[in-house]
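Asker: Take this structure, written in structure tokens, and hold onto it; I'll ask about it next.
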Amino acid sequence: MLVKTLGAHFAAGQNAKKCSCCALLISLLCVLLLSLNPLPVTSHVTSAGSSTALSSDPNLVLVNKCCEKFEIHVDHECQQVNETDYFQPMFTSYGGEQNRPVKFKFVIGIPNCGSMQMWPIYHYAGSSDKLVLLDDGRLRHYTNAENEAEERHGIQSDYEEDIAGSLEPLYHDYDKGLYCIDKATSSTGEENVLFANICLARKEIKWSDSNFLLRKILNPIFHGISLVILLVIAIIYFILPTLRDLVGNIVTTIAMCLMVSQAADLVRIFTELTSHVSFIVADIILCFSLLAAFFWLNSFGFYIWKTFRSRNVFLRVTDGRKYCYYSAYAWGCTATMAALAVFAHFFLDAESYKQEHMVGEQETIGWLGICIFFAPIACTILVNIFFYVTTRKLINRRTVYGRIAHKLKANFIMFSLMLLVMSIAWLFLIMSWLQMEGLLYAHIVVNALQTPLLLYICVLRQRHVTFLLKKTCCYNEPPSANDWGDELHYMNGNDY
């Protein structure tokens, strides 16, 4: 049995005209987006002649073919074959009479499903799915048919919820433009296989399916929980006055960047069945926010490394100016690399490659853009490892610690743990794009654990942070006689 994932081949590749003037390009794109109506299928007619001549013949039946006329599906892609192996459709009447003589024309291309979901169907000997091409150009899809008599006398289904106790639907008819059909073979020698891409108005939800539960139910829930946790971290470091130093501002910014990435990934989950513009915009925002988070983490590591190397250490004296410098570095590098990645995707990446690597009907950021987005992240991780190793050596050489040294050491430990957690989550994100279900499930689990670990690292593990939270939240309690404030209370307690 063939694997039920098959990249359909776009027949009429359109070469987008590139304009050097940015304003003109933006205006043209706006006009095109407003004026274009969704077509029923991305296709072209194989024979010469005008569309008027084709539509004027009432006996001519248009058949939507996935590949070119001289191609069939071989191992998940369209390949050219000999003329003897061409796909010859067999038409069946509504009464079940097979091999009907019908005058037809091929319309090449996969269906433009729009908001509906494209779904691959295979018809081979012994399969539960049967594909029948009707003599008016419609495609009939039989499901759960046990024999041919049951197929011919099946009950039509509109994929709506049936009343309890009624019979299950046995077939559904797809109009022209909502399907494409073709012949399929495999290198293992499986012949006489029919393949079709159909547009499902509503995919049947199987709540017992672990894949559906993990990807469409638990994954969005995990993203929502992560958004709440990151918001809590950002609020704590932004509201408490004693935490609003340079390190606190950096942690707040990293939390906000990760919030944007989680929100963009959540949008990607729910836009797989909608306009490709929303999907690719969410893809770009996801990569942009992750890149910004790692540049800010790199700024955090540089600050700690430079402070430990400096002999004259003064905290919170020029934090505002330093934050401006780090902001210029982090946001400037992020914006530059993001602009290069977007430019490379739209203008340098091959059009055929972008058409072959899609999620359903949605265009995604290509590997060229991903490399430009994520190569700097790999570089910042390596630089941060250098900061960690050299700073660790400097800490081991110290024999005397004061309050400032304890606080710097606590910040160094927080930086190290954040680097470890964020790097592991980033690696699993990359591996999840390798089209392997196991890696995707691992990424969902790791992404769900990332933000609770960050909450522990940045808040729960920091005793002075929990002390400030208790002092701020429990303001109605009578003041303790031993309460000397945050700075004096932890001057020699080594609670950082």
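Backbone N, Cα and C atoms are what each Cβ position is placed from, and that goes for glycine too.
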Asker: Kindly tell me whether the record in Swiss-Prot places F270 on the same side of the membrane as G438.
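Answerer: Taking the topological domain names from Swiss-Prot at face value, F270 sits on the side where G438 is.
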Asker: Within this structure, do the transmembrane segment (439-459) and the transmembrane segment (247-267) have 3 or more Cβ pairs under 8 angstroms, counting pairs 6 or more apart in sequence?
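Answerer: Yes, the transmembrane segment (247-267) and the transmembrane segment (439-459) are in contact.
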Asker: Counting only residues 6+ apart in the same chain, whose Cβ is under 8 Å from the Cβ of N82 (N-linked glycosylation site)?
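Answerer: Spatial neighbours, sequence-distant, of N82 (N-linked glycosylation site): none.
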Asker: So which residues does the topological domain 'Extracellular' (433-438) touch in its own chain, when a touch means Cβ under 8 Å and the partner is 6 or more beyond its ends?
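Answerer: Sequence-distant neighbours of the topological domain 'Extracellular' (433-438): 211, 370.
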Asker: DSSP helix, strand and coil counts for the topological domain 'Extracellular' (433-438)?
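Answerer: Each residue of the topological domain 'Extracellular' (433-438) counted once, the result is 2 helix, 0 strand, 4 coil.
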Asker: DSSP says what for the topological domain 'Cytoplasmic' (388-411): how many helix, strand, coil residues?
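Answerer: Final tally across the stretch: 19 helix, 0 strand, 5 coil.
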Asker: Where DSSP helix means H, G or I and strand means E or B, what are the helix, strand and coil counts for the topological domain 'Cytoplasmic' (241-246)?
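Answerer: For the topological domain 'Cytoplasmic' (241-246), the helix, strand and coil counts are 4 helix, 0 strand, 2 coil.
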Asker: On average, what pLDDT score does this prediction assign to the topological domain 'Extracellular' (268-276)?
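Answerer: Reported value for the topological domain 'Extracellular' (268-276) is a mean pLDDT of 61.
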